[in-house]
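Before any comments, here is the structure.
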Amino acid sequence: MHLPEKFQKEMETLLGDEYQAFTESYDRQPENGLRLNRRKVTGEEFLARTPFLLKRIPWIDNGYTYGEETPAKDPYYYAGLYYLQEPSAMTPANRLAPEPGDYVLDLCAAPGGKATELGARLNGEGLLLANDISNSRAKALLKNLELMGIPNIYVTSETSEKLAKVLPEFFDKILVDAPCSGEGMFRKEPRMMADWEQQGPEYYSKLQREIILDAADMLRPGGKLMYSTCTFSELENEGTIQYLLEQRPEMKLIPCAPYEGFAKGRRGLEDCVRIFPHRMNGEGHFLALLEKEGEPGKRKNTTKRSSELPAEAKEFLEAWGMYRKEWQYYLREDRLYALGKKDGMPENLRYLRTGLYLGDCKKKRFEPYQALAMALDGNGENRIHLNREDPRVIRYLKGETLDVSDLDLKKQKGWQLVCVDGYPLGWGKLANGSLKNKYYAGWRWQ
Ligand SMILES: C[S@@+](CC[C@H](N)C(=O)[O-])C[C@H]1O[C@@H](n2cnc3c(N)ncnc32)[C@H](O)[C@@H]1O
């Protein structure tokens, strides 16, 4: 692989004696990784049934590498059991480690590689605002969050500046996975070298400085902010952190959970972490974990969205064990959403999603939506259980009607949740031993 000359010189200066080992790493194949959805499956459960040859990633508790298999073409992928992600990219969300109840912001979130892990860690408590300035990328982000069955989400497409104006000191944990020159990805995506020649570290550094200050202003005192990039550039990495520390003296750099392969930060910022492909089995990455000094004040809850829950929807949700007193129900046109009562997210943002989209209330009937299926579990009545090897699984994912007359089902009519090995895939409607396919058309098996 021919690396740009200017990049080679910079890396030689950065790495000294290690430079040769670094260049040799470009002759090795990048690792393929998958990260388990901790909301749905434990490592033990997945290893007991996985069709893939997996190897644990030593610094990520739910991360594995795989070989030549194609896990994106597997029913378990459609059941949201894992997200495909290269190993280094798993690190920022893992080390930010939000807890259930936290208010979390992923400011540059699309397509959701890190947001899906942040959301899964909340386990339905607190909220995740996943934002990306690009509307088309934010759509992919929304799909990934819903596929993983994460209920307590808001998805927006806004600038960091706009968010900072309306959400001052609102979040307990913030991830800034910043747009960057992508030097750490040259091995996996060589086309990024051409982009780098056009728009390098100087271009991105300006953007990063704006974004990180906005992020710091949205952090509550006592909260934590993770800044990450997939580049090696000192200007974009330590340079951005130095700028933040100067401009917002209440922000302090703190260590993140260590791993032997991590390299220390430069410019005296030793608690920053660089991941080099010659030291670890992953692409290049940079991380800096920061904390805001002070005691958290009372969070301003600006908006209450609430509607009366239509009786037919309540009945459906109760029957599926998904009626929750701690939720607030919100009907916009025909669409019904569930939100946390204390969310307080402002009105005037470009939302792609507010909360869990439960379904549509039309003519006194409730039609459940795909995201509700993914947020349920496989236990209980009205589930159609198929094994991964049953050809009906793929046929279901392709949108076909299924003959299920051979299955021993308690009810012979009405809504059913189709599950693969106990993990929900989507809806179907049963009549006379035949299952009408209600799998969301936009997600069908291609
Ligand atoms: C490195 S990518 C994020 C990858 C993502 N975190 C993941 O793990 O899948 C950076 C993202 O920042 C977005 N972006 C660029 N400028 C932004 C801004 N000013 N505010 C918010 N997002 C921005 C880009 O559209 C891009 O999707």
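Keep in mind that glycine also has a Cβ here, set from the backbone N, Cα and C atoms.
As recorded in TrEMBL:
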- 7-293: domain 'SAM-dependent MTase RsmB/NOP-type' (DOMAIN)
- C108, A109, A110, P111, G112, G113, K114, D132, D177: S-adenosyl-L-methionine binding site (BINDING)
- C230: active site, nucleophile (ACT_SITE)
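Feature annotations (TrEMBL) mapped to structure.
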residue	record	contacts (Cβ under 8 Å, 6+ apart)
C108	S-adenosyl-L-methionine binding site	N131, D132, I133, V176, D177, A178, P179, I211
A110	S-adenosyl-L-methionine binding site	D132, S134, R137, A138, A140, L141
G112	S-adenosyl-L-methionine binding site	Y83, A130, A140, L141, N144, L145
K114	S-adenosyl-L-methionine binding site	A89, P92, A93, D106, L175, D177, S228
C230	active site, nucleophile	S88, A89, C180, G182, E183, G184, M185, E283, G284, H285, F286
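Residues C108, A109, A110, P111, G112, G113, K114, D132, D177 make up the record's S-adenosyl-L-methionine site, and a Cβ search at 8 Å around their centroid adds D106, A115, A130, R137, L141 from the same chain. With C108, A109, A110, P111, G112, G113, K114, D132, D177 listed as the residues that bind S-adenosyl-L-methionine, the site has a largest C-alpha separation of 13 Å. For the recorded site, A110 (S-adenosyl-L-methionine binding site), the DSSP three-state label reads coil. Every protein chain considered, the tally of other Cβ atoms within 10 Å of the Cβ of D177 (S-adenosyl-L-methionine binding site) stands at 23. Mean pLDDT of the predicted structure over the domain 'SAM-dependent MTase RsmB/NOP-type' (7-293): 97. DSSP assigns D177 (S-adenosyl-L-methionine binding site) to a strand in the three-state reduction.
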